[in-house]
């Protein structure tokens, strides 16, 4: 029986082929992670010229800092809202394509447009619409007696950054959900319809289980997106305010490292965030993926 393993004339060729990826991984991932871990154990002067080993003192100080703990729980809430809302809304719009006969191409194009917008631009767009004095949406809300001012109301500020972040990510999720739904054999849907199953029952009993692998992939991607890629949205929309109500871990790392020049604390926070993402990823692959059945 012939082996399917590719054979190379030179034993060095496989290493040469993977070398670019290994170099990129070392330079842009492993090296920065190692530097962050090293600085998290040091007391560094603001300009980084001198340092002193302090062990775990930075982490002890971190977990006794009420502002950091607030940012930690804000990150958990924000990431949960963005991930769950983004997946549910995108899946809903992807499922609607099945019932749109006229203008389906226009509808699909419209759903993909937000992905072409930069995160900071998306934040500015919704800031204009939710502007307390001149915003179209705030004017509409005022007609119903609702006063909107996200610069002073922490709940409204959180809603704004979650809404803008979800809107920016909808296109990405929609594309994968739509492709997954289109890959489901029509014969299964038609057989269920003949047996008397309605649209909702067909979706939950047939479509949803079959797109579980895609849903799991998007769950991981959206969680990473909520932790890291929403930084421009928060920076442009609220700058972490009001009163740190929208300050997530990634934004706090930036503010303390680049504005406050506290390199040791910023590095310690980076290590904690890295560890948190690793733990959540392991939990997802260990427990969530075990429920997924790949066809």
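Glycine is no exception: its Cβ is also placed from the backbone N, Cα and C atoms.
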Swiss-Prot annotation (transmembrane segment) - matching range among 110-130, 131-151: 110-130
Residue 11 vs residue 238, membrane side identical per Swiss-Prot: no
Stated Swiss-Prot location of transmembrane segment, expressed as one of 157-177, 178-198: 157-177
Segment-segment contact (the transmembrane segment (208-228); the transmembrane segment (81-101)) at 3 or more Cβ pairs under 8 Å: yes
Proximity verdict for the transmembrane segment (157-177) and the transmembrane segment (81-101), three or more C-beta pairs under 8 Å: yes
Beyond the flanks of the topological domain 'Cytoplasmic' (178-207) by at least 6 residues, Cβ under 8 Å: 94-95, 97-99, 108, 214
